[in-house]
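Worksheet: the structure to be examined is printed underneath.
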Ligand code: UT7
(Lines of atoms letter the chains of each structure in order from A and count residues from 1; the text may use other names and numbers.)
(Lines give C-alpha, C1' and ligand atoms only; values in the text may rest on other atoms or scores of the structure.)
Protein backbone atom coordinates (compact mmCIF):
# COMPACT_ATOMS: atom_id res chain seq x y z
CA UNK A 1 0.00 0.00 0.00
CA UNK A 2 1.36 3.43 -0.97
CA UNK A 3 1.80 5.78 1.95
CA UNK A 4 0.26 9.23 1.57
CA UNK A 5 1.94 12.46 2.72
CA UNK A 6 0.21 14.92 5.05
CA UNK A 7 0.37 18.46 3.72
CA UNK A 8 -0.02 21.31 6.24
CA UNK A 9 -3.07 22.99 4.68
CA UNK A 10 -3.62 25.62 7.37
CA UNK A 11 -2.60 26.87 10.80
CA UNK A 12 -4.20 29.04 13.47
CA UNK A 13 -3.99 29.89 17.15
CA UNK A 14 -5.78 31.69 19.93
CA UNK A 15 -4.74 33.26 23.23
CA UNK A 16 -7.17 34.41 25.91
CA UNK A 17 -7.27 38.18 26.34
CA UNK A 18 -6.28 38.43 29.99
CA UNK A 19 -2.52 38.91 30.47
CA UNK A 20 -0.96 38.11 33.83
CA UNK A 21 2.36 39.90 34.34
CA UNK A 22 5.29 38.84 36.50
CA UNK A 23 4.65 41.82 38.75
CA UNK A 24 1.09 40.65 39.36
CA UNK A 25 2.35 37.17 40.32
CA UNK A 26 4.94 38.81 42.60
CA UNK A 27 2.05 40.22 44.60
CA UNK A 28 0.66 36.69 45.06
CA UNK A 29 3.80 34.62 45.91
CA UNK A 30 7.40 35.33 47.02
CA UNK A 31 8.96 35.92 43.61
CA UNK A 32 10.04 38.81 41.41
CA UNK A 33 9.93 39.92 37.80
CA UNK A 34 13.75 39.78 37.67
CA UNK A 35 13.92 36.17 39.00
CA UNK A 36 11.29 34.96 36.52
CA UNK A 37 12.91 36.74 33.57
CA UNK A 38 16.45 35.65 34.41
CA UNK A 39 15.63 31.99 35.14
CA UNK A 40 12.94 31.44 32.47
CA UNK A 41 12.74 34.35 30.01
CA UNK A 42 9.00 34.68 30.78
CA UNK A 43 7.60 38.24 30.97
CA UNK A 44 3.89 37.44 30.96
CA UNK A 45 1.35 34.70 30.24
CA UNK A 46 -2.29 34.65 29.06
CA UNK A 47 -4.94 33.28 31.43
CA UNK A 48 -8.41 32.06 30.41
CA UNK A 49 -11.21 34.08 32.03
CA UNK A 50 -13.75 32.55 34.36
CA UNK A 51 -15.97 30.12 32.50
CA UNK A 52 -13.66 29.92 29.48
CA UNK A 53 -12.59 26.31 28.91
CA UNK A 54 -9.99 24.42 26.93
CA UNK A 55 -12.62 23.58 24.28
CA UNK A 56 -13.42 27.31 23.88
CA UNK A 57 -9.75 28.06 23.16
CA UNK A 58 -9.47 25.00 20.89
CA UNK A 59 -12.51 26.10 18.88
CA UNK A 60 -11.11 29.59 18.23
CA UNK A 61 -7.75 28.17 17.08
CA UNK A 62 -9.44 25.47 14.99
CA UNK A 63 -11.69 27.95 13.16
CA UNK A 64 -8.63 30.05 12.28
CA UNK A 65 -6.76 27.00 10.97
CA UNK A 66 -9.77 25.92 8.87
CA UNK A 67 -10.11 29.47 7.45
CA UNK A 68 -6.40 29.51 6.67
CA UNK A 69 -6.77 26.17 4.85
CA UNK A 70 -9.85 27.39 2.98
CA UNK A 71 -11.73 24.34 4.26
CA UNK A 72 -15.00 23.79 6.09
CA UNK A 73 -15.69 21.66 9.16
CA UNK A 74 -17.56 19.13 7.01
CA UNK A 75 -14.31 18.42 5.16
CA UNK A 76 -12.76 17.02 8.36
CA UNK A 77 -12.70 13.28 8.91
CA UNK A 78 -10.33 13.30 11.88
CA UNK A 79 -9.90 15.56 14.93
CA UNK A 80 -7.06 14.94 17.37
CA UNK A 81 -6.80 17.25 20.38
CA UNK A 82 -3.71 17.23 22.58
CA UNK A 83 -4.58 18.38 26.07
CA UNK A 84 -3.87 17.69 29.73
CA UNK A 85 -6.59 20.05 30.90
CA UNK A 86 -9.81 18.79 29.27
CA UNK A 87 -13.16 20.40 30.10
CA UNK A 88 -14.38 17.08 31.51
CA UNK A 89 -12.95 13.67 32.33
CA UNK A 90 -15.12 12.63 29.40
CA UNK A 91 -16.31 13.25 26.71
CA UNK A 92 -13.04 14.23 25.06
CA UNK A 93 -12.38 17.79 23.96
CA UNK A 94 -12.02 16.23 20.50
CA UNK A 95 -15.64 15.09 20.28
CA UNK A 96 -16.91 18.30 21.92
CA UNK A 97 -14.96 20.28 19.35
CA UNK A 98 -16.32 18.09 16.55
CA UNK A 99 -19.90 19.02 17.58
CA UNK A 100 -19.07 22.71 18.05
CA UNK A 101 -17.53 22.96 14.58
CA UNK A 102 -20.36 21.01 12.98
CA UNK A 103 -18.10 18.19 11.77
CA UNK A 104 -19.92 14.87 11.51
CA UNK A 105 -17.59 12.53 9.63
CA UNK A 106 -14.81 10.27 10.85
CA UNK A 107 -13.37 10.18 14.37
CA UNK A 108 -12.36 12.59 17.13
CA UNK A 109 -10.35 11.90 20.28
CA UNK A 110 -7.84 13.38 22.73
CA UNK A 111 -4.17 12.58 23.17
CA UNK A 112 -2.58 13.03 26.59
CA UNK A 113 1.18 13.44 26.43
CA UNK A 114 1.35 16.70 28.40
CA UNK A 115 3.79 19.20 26.84
CA UNK A 116 4.69 16.74 24.06
CA UNK A 117 1.00 16.37 23.25
CA UNK A 118 1.01 18.30 19.99
CA UNK A 119 3.93 16.30 18.58
CA UNK A 120 2.13 13.08 19.59
CA UNK A 121 -1.17 14.29 18.06
CA UNK A 122 0.60 15.28 14.84
CA UNK A 123 2.16 11.81 14.66
CA UNK A 124 -1.27 10.14 15.19
CA UNK A 125 -2.90 12.21 12.44
CA UNK A 126 0.04 11.85 10.03
CA UNK A 127 0.07 8.06 10.47
CA UNK A 128 -3.70 7.79 9.97
CA UNK A 129 -3.45 9.88 6.80
CA UNK A 130 -0.50 7.79 5.58
CA UNK A 131 -2.59 4.61 6.01
CA UNK A 132 -5.60 6.10 4.23
CA UNK A 133 -7.73 6.15 7.40
CA UNK A 134 -8.28 9.91 7.16
CA UNK A 135 -7.90 12.53 4.43
CA UNK A 136 -8.37 15.85 6.23
CA UNK A 137 -7.34 16.08 9.85
CA UNK A 138 -7.54 18.84 12.43
CA UNK A 139 -4.74 18.64 15.00
CA UNK A 140 -5.10 20.89 18.04
CA UNK A 141 -3.01 21.61 21.13
CA UNK A 142 -5.16 23.39 23.74
CA UNK A 143 -4.68 23.98 27.45
CA UNK A 144 -5.97 25.84 30.46
CA UNK A 145 -2.92 25.06 32.60
CA UNK A 146 -3.94 27.85 35.00
CA UNK A 147 -6.67 25.50 36.31
CA UNK A 148 -4.19 22.85 37.56
CA UNK A 149 -1.61 25.21 39.08
CA UNK A 150 -1.08 25.60 42.79
CA UNK A 151 -1.14 29.41 42.94
CA UNK A 152 0.73 29.31 46.28
CA UNK A 153 3.69 27.37 44.82
CA UNK A 154 6.15 29.88 43.35
CA UNK A 155 8.28 27.15 41.76
CA UNK A 156 5.50 26.24 39.30
CA UNK A 157 2.79 28.93 39.14
CA UNK A 158 5.10 31.46 37.45
CA UNK A 159 5.83 29.13 34.54
CA UNK A 160 2.58 28.26 32.78
CA UNK A 161 -0.11 29.93 30.68
CA UNK A 162 -3.25 29.14 28.66
CA UNK A 163 -3.79 29.03 24.89
CA UNK A 164 -4.43 26.91 21.82
CA UNK A 165 -2.94 26.23 18.41
CA UNK A 166 -4.24 24.16 15.50
CA UNK A 167 -3.12 22.73 12.18
CA UNK A 168 -5.12 21.22 9.34
CA UNK A 169 -3.42 18.31 7.58
CA UNK A 170 -4.52 16.97 4.21
CA UNK A 171 -3.61 13.83 2.32
CA UNK A 172 -1.40 14.61 -0.67
CA UNK A 173 -1.04 11.86 -3.28
CA UNK A 174 1.16 13.89 -5.58
CA UNK A 175 4.09 14.39 -3.26
CA UNK A 176 7.11 12.12 -3.04
CA UNK A 177 10.83 12.30 -2.29
CA UNK A 178 12.70 14.54 0.18
CA UNK A 179 11.44 17.75 -1.49
CA UNK A 180 7.82 16.85 -0.80
CA UNK A 181 5.93 19.16 1.52
CA UNK A 182 4.11 18.32 4.73
CA UNK A 183 5.09 16.08 7.60
CA UNK A 184 8.39 14.40 6.68
CA UNK A 185 8.78 12.41 9.88
CA UNK A 186 7.81 12.10 13.53
CA UNK A 187 9.69 10.57 16.45
CA UNK A 188 8.00 9.77 19.77
CA UNK A 189 9.60 8.70 23.04
CA UNK A 190 8.60 8.22 26.66
CA UNK A 191 10.11 6.91 29.89
CA UNK A 192 7.60 6.42 32.71
CA UNK A 193 10.31 5.99 35.34
CA UNK A 194 10.55 9.78 35.62
CA UNK A 195 6.89 10.38 36.49
CA UNK A 196 7.60 11.88 39.92
CA UNK A 197 9.71 14.71 38.51
CA UNK A 198 6.73 16.26 36.72
CA UNK A 199 3.17 15.17 37.51
CA UNK A 200 -0.25 16.19 38.78
CA UNK A 201 -1.08 14.96 42.28
CA UNK A 202 -4.72 14.09 41.61
CA UNK A 203 -7.03 12.36 39.16
CA UNK A 204 -10.43 10.64 38.82
CA UNK A 205 -9.25 7.14 39.79
CA UNK A 206 -6.78 8.04 42.56
CA UNK A 207 -7.88 11.06 44.59
CA UNK A 208 -11.15 11.89 42.86
CA UNK A 209 -9.85 15.45 42.47
CA UNK A 210 -8.26 17.35 39.60
CA UNK A 211 -4.98 17.85 41.50
CA UNK A 212 -2.14 20.32 41.08
CA UNK A 213 0.95 20.32 38.91
CA UNK A 214 4.16 19.40 40.77
CA UNK A 215 7.66 19.63 39.32
CA UNK A 216 11.27 19.17 40.38
CA UNK A 217 12.25 21.88 37.93
CA UNK A 218 16.03 21.68 37.97
CA UNK A 219 16.00 17.90 37.33
CA UNK A 220 13.47 18.24 34.49
CA UNK A 221 15.70 20.97 33.06
CA UNK A 222 18.70 18.62 32.74
CA UNK A 223 16.67 15.82 31.11
CA UNK A 224 15.02 18.33 28.77
CA UNK A 225 18.24 19.50 27.13
CA UNK A 226 19.62 15.97 26.64
CA UNK A 227 16.38 14.35 25.41
CA UNK A 228 15.32 17.21 23.16
CA UNK A 229 18.72 17.37 21.47
CA UNK A 230 18.63 13.57 20.98
CA UNK A 231 15.15 13.67 19.43
CA UNK A 232 16.16 16.47 17.06
CA UNK A 233 19.25 14.70 15.74
CA UNK A 234 17.30 11.42 15.45
CA UNK A 235 14.42 12.90 13.45
CA UNK A 236 16.81 14.76 11.16
CA UNK A 237 18.91 11.62 10.61
CA UNK A 238 15.87 9.43 9.93
CA UNK A 239 14.46 11.97 7.49
CA UNK A 240 17.75 12.32 5.61
CA UNK A 241 18.36 15.99 6.42
CA UNK A 242 21.06 17.69 8.46
CA UNK A 243 20.39 20.07 11.37
CA UNK A 244 22.10 22.79 9.28
CA UNK A 245 19.54 22.34 6.49
CA UNK A 246 16.61 23.07 8.82
CA UNK A 247 15.29 26.62 8.27
CA UNK A 248 13.36 27.02 11.55
CA UNK A 249 13.23 25.32 14.92
CA UNK A 250 9.88 25.50 16.71
CA UNK A 251 10.54 24.19 20.21
CA UNK A 252 8.19 23.58 23.10
CA UNK A 253 8.30 26.84 25.06
CA UNK A 254 9.22 25.85 28.62
CA UNK A 255 12.22 28.02 29.38
CA UNK A 256 14.39 30.37 27.28
CA UNK A 257 17.48 28.80 28.86
CA UNK A 258 16.41 25.34 27.56
CA UNK A 259 15.93 26.78 24.06
CA UNK A 260 19.39 28.34 24.20
CA UNK A 261 20.99 25.26 25.79
CA UNK A 262 19.70 22.98 23.01
CA UNK A 263 20.70 25.50 20.32
CA UNK A 264 24.24 25.68 21.77
CA UNK A 265 24.51 21.88 21.98
CA UNK A 266 23.54 21.45 18.32
CA UNK A 267 25.31 24.63 17.06
CA UNK A 268 22.02 26.16 15.90
CA UNK A 269 22.06 29.96 15.37
CA UNK A 270 19.53 31.45 17.83
CA UNK A 271 17.92 33.50 15.00
CA UNK A 272 16.56 30.20 13.66
CA UNK A 273 14.83 29.34 16.95
CA UNK A 274 11.24 30.59 17.30
CA UNK A 275 10.71 31.76 20.87
CA UNK A 276 7.38 32.88 22.33
CA UNK A 277 8.12 31.92 25.93
CA UNK A 278 8.49 35.59 26.98
CA UNK A 279 4.90 36.38 25.98
CA UNK A 280 3.09 33.06 26.43
CA UNK A 281 4.93 31.20 29.21
CA UNK A 282 4.64 27.41 28.99
CA UNK A 283 1.28 26.54 27.42
CA UNK A 284 2.03 22.79 27.42
CA UNK A 285 0.49 21.08 24.34
CA UNK A 286 -0.45 24.46 22.84
CA UNK A 287 3.05 25.90 22.83
CA UNK A 288 4.41 24.40 19.59
CA UNK A 289 1.45 25.31 17.32
CA UNK A 290 1.18 28.75 19.00
CA UNK A 291 4.86 29.46 18.27
CA UNK A 292 4.59 28.02 14.75
CA UNK A 293 1.57 30.18 13.95
CA UNK A 294 3.19 33.33 15.31
CA UNK A 295 6.23 32.80 13.07
CA UNK A 296 3.96 32.22 10.05
CA UNK A 297 1.94 35.36 10.86
CA UNK A 298 5.03 37.56 11.24
CA UNK A 299 6.45 36.25 7.95
CA UNK A 300 9.43 34.30 9.27
CA UNK A 301 8.20 30.78 8.39
CA UNK A 302 7.27 30.68 4.70
CA UNK A 303 5.83 28.01 2.44
CA UNK A 304 8.58 25.56 1.46
CA UNK A 305 10.65 26.12 4.64
CA UNK A 306 11.95 23.11 6.54
CA UNK A 307 10.69 23.27 10.14
CA UNK A 308 11.67 21.09 13.09
CA UNK A 309 9.27 20.94 16.06
CA UNK A 310 10.20 19.34 19.38
CA UNK A 311 8.95 18.98 22.95
CA UNK A 312 9.43 17.29 26.30
CA UNK A 313 6.82 16.90 29.02
CA UNK A 314 5.51 14.98 31.99
CA UNK A 315 5.75 11.22 31.86
CA UNK A 316 8.45 11.83 30.67
CA UNK A 317 7.32 12.07 27.08
CA UNK A 318 9.37 13.71 24.37
CA UNK A 319 9.65 13.79 20.62
CA UNK A 320 10.07 15.73 17.41
CA UNK A 321 8.38 16.32 14.07
CA UNK A 322 9.97 17.52 10.86
CA UNK A 323 7.84 19.27 8.25
CA UNK A 324 8.25 21.14 4.99
CA UNK A 325 5.71 23.93 5.36
O1 LIG B 1 7.11 21.78 30.02
C2 LIG B 1 7.60 20.63 30.61
C3 LIG B 1 9.03 20.72 30.81
N4 LIG B 1 9.34 21.66 31.83
C5 LIG B 1 10.51 22.20 31.86
O6 LIG B 1 11.27 21.94 30.97
C7 LIG B 1 10.89 23.07 33.04
C8 LIG B 1 12.32 22.81 33.38
N9 LIG B 1 12.80 23.55 34.51
C10 LIG B 1 13.02 24.88 34.54
O11 LIG B 1 12.67 25.57 33.61
C12 LIG B 1 13.76 25.46 35.69
O13 LIG B 1 14.32 24.41 36.46
C14 LIG B 1 12.91 26.36 36.64
C15 LIG B 1 12.60 27.66 35.93
C16 LIG B 1 11.63 25.63 36.99
C17 LIG B 1 13.68 26.69 37.92
O18 LIG B 1 14.92 27.30 37.61
P19 LIG B 1 16.27 26.76 38.27
O20 LIG B 1 17.34 27.64 37.82
O21 LIG B 1 16.40 25.29 37.89
O22 LIG B 1 16.02 26.95 39.81
P23 LIG B 1 15.96 25.89 41.01
O24 LIG B 1 14.74 25.04 40.88
O25 LIG B 1 17.29 25.17 41.10
O26 LIG B 1 15.80 26.84 42.23
C27 LIG B 1 16.79 27.80 42.57
C28 LIG B 1 16.26 28.67 43.71
C29 LIG B 1 15.68 27.85 44.87
O30 LIG B 1 16.05 28.50 46.07
P31 LIG B 1 17.28 27.96 46.96
O32 LIG B 1 16.89 26.55 47.29
O33 LIG B 1 18.47 28.03 46.06
O34 LIG B 1 17.29 28.89 48.08
C35 LIG B 1 14.20 27.98 44.67
O36 LIG B 1 13.49 27.89 45.88
O37 LIG B 1 15.19 29.50 43.22
C38 LIG B 1 14.08 29.38 44.12
N39 LIG B 1 12.88 29.61 43.36
C40 LIG B 1 12.35 30.83 43.19
N41 LIG B 1 12.74 32.04 43.62
C42 LIG B 1 12.01 33.10 43.27
C43 LIG B 1 12.09 28.70 42.69
N44 LIG B 1 11.07 29.33 42.10
C45 LIG B 1 11.21 30.65 42.40
C46 LIG B 1 10.47 31.80 42.05
N47 LIG B 1 10.92 32.98 42.50
N48 LIG B 1 9.37 31.73 41.27
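Heads up, residue numbers simply count up from 1 along the chain you see.
Each Cβ is built from the backbone N, Cα and C atoms, and glycine gets one as well.
Predicted automatically and left uncurated, TrEMBL annotations should be read as such.
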Which listed span TrEMBL calls region 'ACP-binding', if the choices are 253-257, 258-262, 263-267: 253-257
Overall pLDDT for the domain 'Beta-ketoacyl-[acyl-carrier-protein] synthase III C-terminal' (238-324), taken as the rounded mean: 98
Distant-in-sequence neighbours of the region 'ACP-binding' (253-257), which means Cβ under 8 A and at least six residues beyond its ends: 39-42, 115, 159, 221, 224, 275-278, 280-283, 287-288, 290-291, 312
Helix-strand-coil residue split for the domain 'Beta-ketoacyl-[acyl-carrier-protein] synthase III C-terminal' (238-324), DSSP-based: 36 helix, 22 strand, 29 coil
Cα-to-Cα gap, residue 115 (active site) vs residue 252 (active site), nearest whole Å: 7
Residues in the domain 'Beta-ketoacyl-[acyl-carrier-protein] synthase III N-terminal' (109-192) grouped by DSSP into helix, strand and remaining coil: 26 helix, 33 strand, 25 coil
Spatial separation of residue 282 (active site) from residue 252 (active site) - C-alpha basis, Å: 8
Tertiary neighbours of residue 282 (active site) (same chain, Cβ under 8 Å, six or more apart): 42, 115, 145, 159, 160, 161, 252, 253, 254, 255
